[in-house]
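Report on the following structure.
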């Protein structure tokens, strides 16, 4: 029901009560709870007197706030003058169909209302109901969408459609049907107006120009009009038309769309019906349409059977009655009566279309009302013909529903104009790229393309604007949030009614997952080729071009030929007698893709033709598209010969199956009918046990049963001749074996069965798993080795810097008197340098070069000795528990570093427990570690099987997820707020240096356990040191000392240390320089030699010095530990070793020891 502001409605006579209302204000409860927003206002002042709850919700005001407002207060300011004109009765033309209202928060609503006069507290008032309300922005979007749909169907409507511009006074658009109706060209029609195509007066006597202008103004005001009109064609002949006018968007232009139907033939048919009453009776009696004739008082004269059946009456019972007499209160009949009255008044036919609820819920019909004239020209009767359009109406509603589905499709649908500006953007596009329609409409598509991708955009535009379609183009797009999505897009030109291209349309679908799946498929194919090359059977693939593009290694081994048999070269290897049948079947597999099984003779590398069986099946992509064939070829030469013998003897058949190396059994679906000897050997069960009902199926893994059944179903459906799949079975010993099974239909003892053959692929599966494990282990070893070299190198360079710091600090302390204020500062510098030296020792420990003194150790005793220190180091909420195995074998290692391992693990466990209560368990023990166990440990660098002493530290802390667990041994990785991240890295380095291994067990929320394995040492008491013994203190007489080091800072500070002790010091920057100095300066008593130098390192320099002087005394210096640095000098007369960094007193002590006279 459409209504203007004062409530007048074209479908409700003024003053008629709305449902539920009388002359006064409705009951309060009815008004307050009415689902439609409603307002009561005073007629004269427009002051709002009442508002129901729905109105308060819609506008955002309370009822009390409404009573302080007028109707002008809920209008946009620019619409208030229009309201005043309407109230004053000075509004030109009819009132608008929709008004604009403003809510409390400033939103503008487009509303359609209806109302009626009432009395409120004894004064005239009016109640208004808001029938429809739509936000203006949404209304404009709906209008734009309607415009696009109008454009797309404009030329395919099946009748004349024109668009008239009220401001230009002429038509601005017309379809081909309109041109044909008027008999003129489109150019002529677009220069015309309705008046120029009409006679001076219409049949009613009114002037065409005045009547037409009034109708256009009414349509412009929002009315949807339908009326009859006489037009003229190009020759001046009248055309009786039915015209429907409606205003069309955009609403900033005054455009009227007209649909024109030529109804001359319909009028002729109506006249023919009047002339042929007899024929009418015959037709009416048999027509499914409801046909009723009324007199001028709307009383029934005649009703056909269909009409009578619709109301369940006969003609005698309804003749002389009005329809509303026996169907009172029916809205459709009341509307019909008003239409009949109009026909009687206007003397013109009228068409009604709408709900016909008297025929049942959801019924919809179209009624033609035709005036029948008496001889004097008056309307004597009215003929009503009603046609049931319920199904058609439902179909139209379904079309609208489908259009809505398209609008909200998840596929992105976008259109652009010729300049590339976006003109439409559906919900699917918003989901795909993240931009809303408001963000992109009117913008060009350039912002979707990176600068280097703009040529792609221009290529697409040039092709589509040239009239081409581009389908399924895949490329990556950047979404609004910066992520990337892969879309498969199709582009096509958009054309206007003249066939001109006016833009570009595109439909895109998110194929990100499909592309990723395709990449996964490529990886899967690579794995397939690897497995195929390892398979004992021949495997081949062919592309859609019918060329064989791959053969497994077994193919080349069997034929003795190379890659020249790819393509079509394989045909020459087939026996001439079999070749035609093979080629025919090969061609059929491409023309009608499906599974195929062939037996033929293939030339062996020995020159003999051998029988083979070939199974081929189509290769399909994700969409089911044909990608070629894949086939397997099995040498069945002996099998064929045996089968010929089997035909003569069933016993021979059984012997043959027992002789094959594959496990074979025959099944009828419920039990095994036959099993061969290999099946007995493989499972460990006897033939009688395997053939018991359901027993063999019980050995198959439950997860594999559905896979096997699916293949059987495909074979029964004809989708594959031979089913191939992998299953796992449990043998009598409990071992799980992997079988590659081929199953095919088989006749056994005259009944249908399935024969299954299986190859044991367990070793292949395990080999593949082992290969993957070794790859991961190699990567881990390389990473640790690389980081270890890096850490060792950094420590070496850092030690050179610390030599200068410690040396200068020591010299300063020697020169400063005890009471000097600067002494504390220098002591602080020395302390900091010592801490830095400790850090370098941790880095050397990580690099695996940190062992200093190797001795036989009792691991349990070391932990016991550290018990007090451990208890004060952990959280007060953590409880330490010890479990030591008695009589442990000794291990060989550095006690200090072993203690560091224990302390670092305990500290890590305490941090994992944090502020919660928990338990830290420390255990030692002895275990035998085999190769399989060691392979799962960190640092499995070819460790031998054998006895290992272990240290186990377990906590009840937070545990770790796999991602963190994979990184905990990386240097500088830490999950704590503070910490250098060297604790566990140093543990790994120390254990690696001791040729040990680490096992880690952890789970989030379940705690962590570290198990450290050290090789058990041979027999002998623990605790005896194995290191180098120091010499007794020598005399401190001045000497000539040569300092050789590539670092100038080290040379300078070392020289000062020695000179302050009274020694004469010579320096050299590398080995070559040192040799020259030693040769030129006789009487050198001692050489202080750096291990790592460019050009000539310490080892080579030592060797050359011995050649010059076999009695030379050399002290070796290095940032690495003594064992690693001196092991290459064992037995070569090295006078001593000092590790960088060193203090002056440490250096002088080493010098005194080296200068001690030799015994």
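The backbone N, Cα and C atoms fix where each Cβ goes, glycine too.
Over in TrEMBL, the protein carries these features:
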type	residues	note
DOMAIN	42-94	domain 'PAS'
DOMAIN	146-223	domain 'PAS'
DOMAIN	276-320	domain 'PAS'
DOMAIN	398-468	domain 'PAS'
DOMAIN	471-523	domain 'PAC'
DOMAIN	596-648	domain 'PAC'
DOMAIN	649-714	domain 'PAS'
DOMAIN	793-1018	domain 'Histidine kinase'
DOMAIN	1040-1155	domain 'Response regulatory'
MOD_RES	1090	4-aspartylphosphate
Q: Specify the secondary structure state of residue 1090 (4-aspartylphosphate) as given by DSSP, simplified to three classes.
A: strand
Q: Given the cut-off of 8 Å on Cβ pairs that are 6 or more apart in sequence, determine whether the domain 'PAS' (146-223) and the domain 'Response regulatory' (1040-1155) share at least 3 such pairs.
A: no
(Q) Suppose you look only at the domain 'PAS' (276-320); what would the mean pLDDT be? (A) 77
Q: Could you break down the residues of the domain 'Response regulatory' (1040-1155) into DSSP helix, strand and coil, giving a count for each?
A: 53 helix, 24 strand, 39 coil
